[in-house]
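> Below you'll find the structure I mean.
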Amino acid sequence: MSILKRVYSQKVLLILIGMVIFASVSSPYFLTFQNVTYLVTQLSIFGIMALAMTFVILNKEFDLSIGAVMAFSGIFMVKITPHTGIIMAIVLTLLLGVIIGLITGFLVAFLSLNSFVVTLCAMFFYNGLALTVSDGRPASAQDPILNWLSSGTILGIPNLILLLLVLTLIADYILRKTKFGRNIYAVGGDDQVARLTGIPVRFYKISVFVISGVAAALAGILLTGMLNSASPFVGSSAALTVISAVVIGGTSLAGGEGSIPKTLMGLFILGILDNLLGLLNVHSFYQTFILGALLVFVIGWDFYARSKKQVLVAH
């Protein structure tokens, strides 16, 4: 591989390094310990969902409901805690994520429904459910165990950062070193070929949505602990942020191409951009516009790169 190709293959890392340098020059507060810790901690919950979304998009599917499931999971946990205790409430909330993932996966894998449409409908359904159960109001969640999970530290390192690190290592190992991970890539690359080689395509379609459901439920638990309340409104833009991180990190919307480390790089690119704009007092309206423009550019570039690759293969 030539030097230019090596450099190009690490373009996401180079963009991330460039943004760190630019942010450091633009604001003297960016590289302070307090700001970096705050940035990584705030990104951790989105990072957990981005890890799961990587599995989904690698499988050539979408999950637009991940933010709504996160919001509903938080409300669900708060409502059942007085009856079950916090530990059982957490377990049941994670089980709820499994059930939601199974339902979505079944609709996509066995009924051959488009995942974009299914999860778009699911997003409205779970948003409505969260609003109904909560009466449209945040529900207080004052629990020391829950608070420690989200806001506590171990050896001075925030629990959320440690959890994201552990889950990143596990997810990366699964995708790179296990048969399950290899089959995720195979199904996303070409599900018809994967089916002909004996891979149970439906199983993997369902599996990625279960992973997404559990990640959304876990994110809802952690966010509730961080805010000391569960709100039906917290997941409104989560799906956009998470999908943006995965796509900016280089995971192809056509499936079968991407990695966990690059997803995290994409997440930090978004986080640094948002953090820097905040430090520079840029209005939130412009922040949303810039994020949207960046996502359009990346999706357009992904489409162009795939089209160019298909032309080269054809010749």
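Going from the start of the chain as shown, residues are counted 1 onward.
Note that Cβ sites are derived from N, Cα and C of the backbone, with glycine treated the same way.
In TrEMBL, annotation is done automatically, which means it is predicted and not curated.
In case it's useful when we look at the structure, here is the feature table from TrEMBL:
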TRANSMEM  12-31  transmembrane segment
TRANSMEM  37-57  transmembrane segment
TRANSMEM  64-80  transmembrane segment
TRANSMEM  86-109  transmembrane segment
TRANSMEM  116-134  transmembrane segment
TRANSMEM  154-175  transmembrane segment
TRANSMEM  203-227  transmembrane segment
TRANSMEM  233-256  transmembrane segment
TRANSMEM  263-280  transmembrane segment
TRANSMEM  286-305  transmembrane segment
> For the transmembrane segment (64-80), I need the partner stretch with the highest count of C-beta pairs below 8 angstroms, choosing only from 12-31, 86-109, 116-134, 233-256.
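Comparing 12-31, 86-109, 116-134, 233-256: 116-134 has the most Cβ pairs near the transmembrane segment (64-80).
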> Considering only Cβ pairs under 8 Å, which range in 12-31, 37-57, 154-175, 263-280, 286-305 makes the most contacts with the transmembrane segment (203-227)?
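So the stretch in question is 37-57.
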> Report, as numbers and ranges, which residues of the same chain sit near the transmembrane segment (86-109): CB under 8 Å and 6 or more residues beyond its ends.
61, 63, 65, 69, 73, 76-77, 80, 115, 118-119, 122, 126, 143, 145-146, 201-203, 205-218, 220-221
> May I ask you to check whether the transmembrane segment (154-175) and the transmembrane segment (286-305) make contact, with contact taken as at least three Cβ pairs under 8 Å and only pairs 6 or more apart in sequence counted?
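Contact criterion not met.
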> Out of 37-57, 116-134, 233-256, what stretch is closest in contact terms to the transmembrane segment (12-31), meaning most Cβ pairs under 8 angstroms?
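Top-ranked stretch among 37-57, 116-134, 233-256: 233-256.
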> Counting only residues 6+ away from its ends, which parts of the chain sit with a Cβ under 8 Å from the transmembrane segment (37-57)?
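Here the qualifying positions are 63, 66, 70, 115, 158, 160-161, 163-164, 167-168, 171, 175, 184, 188, 207-209, 211-212, 214-216, 218-219, 222-223, 226, 238, 241-243, 245-247, 249, 251-253, 255, 258-260, 263-264, 266-268, 271-272, 275.
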